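As recorded in Swiss-Prot, the features of this protein are as follows:
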MOD_RES   S70  phosphoserine
MOD_RES   S74  phosphoserine
MOD_RES   S79  phosphoserine
MOD_RES   R114  asymmetric dimethylarginine
MOD_RES   R114  omega-N-methylarginine
REPEAT    162-202  repeat 'WD 1'
REPEAT    208-246  repeat 'WD 2'
REPEAT    250-290  repeat 'WD 3'
REPEAT    295-335  repeat 'WD 4'
REPEAT    341-389  repeat 'WD 5'
REPEAT    394-438  repeat 'WD 6'
REPEAT    444-482  repeat 'WD 7'
Amino acid sequence: MAAVWQQVLAVDARYNAYRTPTFPQFRTQYIRRRSQLLRENAKAGHPPALRRQYLRLRGQLLGQRYGPLSEPGSARAYSNSIVRSSRTTLDRMEDFEDDPRALGARGHRRSVSRGSYQLQAQMNRAVYEDRPPGSVVPTSAAEASRAMAGDTSLSENYAFAGMYHVFDQHVDEAVPRVRFANDDRHRLACCSLDGSISLCQLVPAPPTVLRVLRGHTRGVSDFAWSLSNDILVSTSLDATMRIWASEDGRCIREIPDPDSAELLCCTFQPVNNNLTVVGNAKHNVHVMNISTGKKVKGGSSKLTGRVLALSFDAPGRLLWAGDDRGSVFSFLFDMATGKLTKAKRLVVHEGSPVTSISARSWVSREARDPSLLINACLNKLLLYRVVDNEGTLQLKRSFPIEQSSHPVRSIFCPLMSFRQGACVVTGSEDMCVHFFDVERAAKAAVNKLQGHSAPVLDVSFNCDESLLASSDASGMVIVWRREQK
């Protein structure tokens, strides 16, 4: 049963940064050996119920030993090492479509527990108020965590010293997406409508473009790093997705869109990086198995418009998709089969394209509810609360920005749970990068970075927030350096 052993390995990988923090080589050897043993045991034919029980017990034991997990990309997750996961995403996995063990005894598809988002806030508060000894949970007395975050106010913490570097290799063509590698301070990638993807290294100085990935015949609309940063997946207006090896830049596989439509966005399934979800111009989302190049059976659904944005919750059981008609759909993701079940629909604003969706399970000490950050062409940045296990959204507040036509994106800051307040960052058509405190009732603006000469389309923090990258519609990528306190 490939699905369960991949979930077990994903749990181990997420805790791997906390094992022997002074011996990163041991952590790497450990996770590789775990991957090997789990793959071997997957062929032993153990009863599915026994495997699921093992997964639950494994998660409970690791949680008791190391404490609650932080959000992916946070400084705690970084923990002195950029090695989080083995290179499992390049292994040949079993296709969910053809795996008879993904079926129950009578041939029915199994579903797994999806958890209750309705109880998520209560659970978070329970962890906060009744945490076990030795666990790492943000509190008002979390001096070490505050020190990691700078022990300063949000305004002071998000003061920037200026530009660290400017990349202009994609000048004259928009750069719709820029992303730091997972748990990495100095590795950056960006994609361009010129049809290429750049991999950049910021240290040692001077920053350099390591390689440019070429192969798409039209603009690259989106890309994503795998959990272990060994591969990237990209989507393009040429109706294909490509799988790239980040180490040498080679194209591992080219996968055509099942509908032969322009591909507009993509995201990895966070628990099983062998699966990638893509959205296209024919209003469809598809779950793709990147090892086989096939669409997963039952992993497709239709929206009301062109699919522009995708985001999973941290456990990988809820997927949100936004389209150019102003709707956001939630889907239940079956971990055992890869099947999508449409759950809820929210009309943000009829006819206003939803260009960005970011999910977060724990925003801050003051905002411990699962949240969704959404950009739509409304001249507003929207923050929603996730209120139940089907992804129902409730508007919490909005922030003024300029966005009426461009595909602007936004992010939650990776260290926000370690300090008083919580910050989000967004691009804007006024050519600025805006910072907002989601907990401040009045005057939520924290900072504004000026330097772009075109609408800012995307922003990305590295894992410790020492650097911020922003890209714009003219092809410029600016890396900003935060002031050291």
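Using the three backbone atoms N, Cα and C, a Cβ is placed for every residue, glycine included.
Each of 341-389, 394-438, 444-482 was scored by its Cβ pairs under 8 Å to the repeat 'WD 1' (162-202), and the highest score goes to 444-482. Here the repeat 'WD 4' (295-335) has Cβ contacts under 8 Å with residues 3, 7, 71-72, 95-97, 109-112, 114-115, 117, 258, 264-267, 269-272, 275, 277-289, 341-359, 361, 370, 372, 374-376, 386, 389-393, 407 of the same chain, all six or more residues outside its ends.
Remote same-chain residues near the repeat 'WD 3' (250-290) are listed as 3, 6-7, 10, 72, 88-90, 93, 95-97, 213, 215, 218, 221-228, 231, 233-244, 296, 299-312, 314-316, 319, 321, 323, 331, 333, 335, 338-340 (criterion: CB distance under 8 Å, separation of at least six residues from the stretch ends). Note on the repeat 'WD 6' (394-438): its mean pLDDT in the predicted model is 90.
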